[in-house]
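Working notes, structure below.
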């Protein structure tokens, strides 16, 4: 794979108002939009080119609608996704329950999709810790259980946003290289652990 271009389909999932679009805006355009909230209808697509070692990686990011009325439509966009960033609002416990729904959906329909749990709006906790409604340790236990990775982010300050997307790209490149290596050796991938599946936390 040395020097090759790599394309990765990434889907953003989560309840409306959790800040999926803000997360993408911060990562792709390095900006935080302040103004009236606008619902994403269907999905918005944006691409970001980056480097991982000697490889050029293009993240094709699908920002899906969070409203339940667009739920069926969202399924169209995560078909074939290699990574899913499932977002929840750290100040809204119901958004974490909704995130669990999307994880179940992905596990049943896209088994090969690596999941990243993303707690949003961490800047609000810096202002007032009492606003936290989703316990960090509970989410970490859940992440460990589903073999996902956990990040707590802020689109306003940029906290852990670049790190999240960089990890998505690095993990995919590692898995792709692993698959090429094992295929070259004639190894049955079904007997090998997927190196995607480990958990870590970033504050």
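Placement of Cβ uses the backbone N, Cα and C atoms for every residue, glycine included.
According to Swiss-Prot, the feature phosphotyrosine maps to 17 (among others). Around residue 17 (phosphotyrosine), a 10 Å sphere centred on its CB holds 15 further CB atoms from the protein chains shown. DSSP classifies residue 17 (phosphotyrosine) as coil under the three-state reduction.
As annotated by Swiss-Prot, GTP binding site applies to 19, 20, 21, 40, 66, 121, 123, 156. The Cβ of residue 20 (GTP binding site) has 12, 13, 14, 40, 63, 64, 66, 85, 87, 120 as same-chain neighbours under 8 Å, each 6 or more residues away in sequence.
In this structure, residue 40 (GTP binding site) belongs to neither helix nor strand by DSSP; it is coil. The Mg(2+) binding site annotation in Swiss-Prot covers 21, 40, 63 and is backed by similarity to another entry.
Annotation comment: Swiss-Prot describes 30-45 as region 'Switch I'. Outside the region 'Switch I' (30-45) by six or more residues, the chain places 16-17, 20-22, 24, 60-67, 70, 73-74, 77, 155-156, 158 with a CB less than 8 A from a CB of the stretch.
The list of residues near the region 'Switch II' (63-80) in space but at least 6 beyond its ends in sequence, with Cβ under 8 angstroms from a Cβ of it, reads 9, 11-18, 20-21, 24, 39-46, 105-106, 109-110, 113. Swiss-Prot lists 63-80 with the feature region 'Switch II', giving sequence analysis as the kind of evidence.
In the three-state DSSP scheme, residue 172 (phosphotyrosine) falls into the helix class. If you draw a 10 Å sphere around the CB of residue 172 (phosphotyrosine), it holds 22 other CB atoms from the protein chains shown. Positions annotated as phosphotyrosine by Swiss-Prot, on the basis of similarity to another entry: 172 (among others).
The S-geranylgeranyl cysteine feature in Swiss-Prot is assigned to 200 (among others); the stated evidence is similarity to another entry.
Positions annotated as S-geranylgeranyl cysteine by Swiss-Prot, on the basis of similarity to another entry: 201 (among others).
Nearest in space to residue 172 (phosphotyrosine), taking C-alpha to C-alpha distance over the binding-site residues 19, 121, 123, is 19. Recorded residues residue 156 (GTP binding site) and residue 17 (phosphotyrosine) have their alpha carbons 14 Å apart, per Cα-Cα distance. Across the residues annotated as binding GTP (19, 20, 21, 40, 66, 121, 123, 156), the two Cα atoms farthest apart lie 23 Å from each other.
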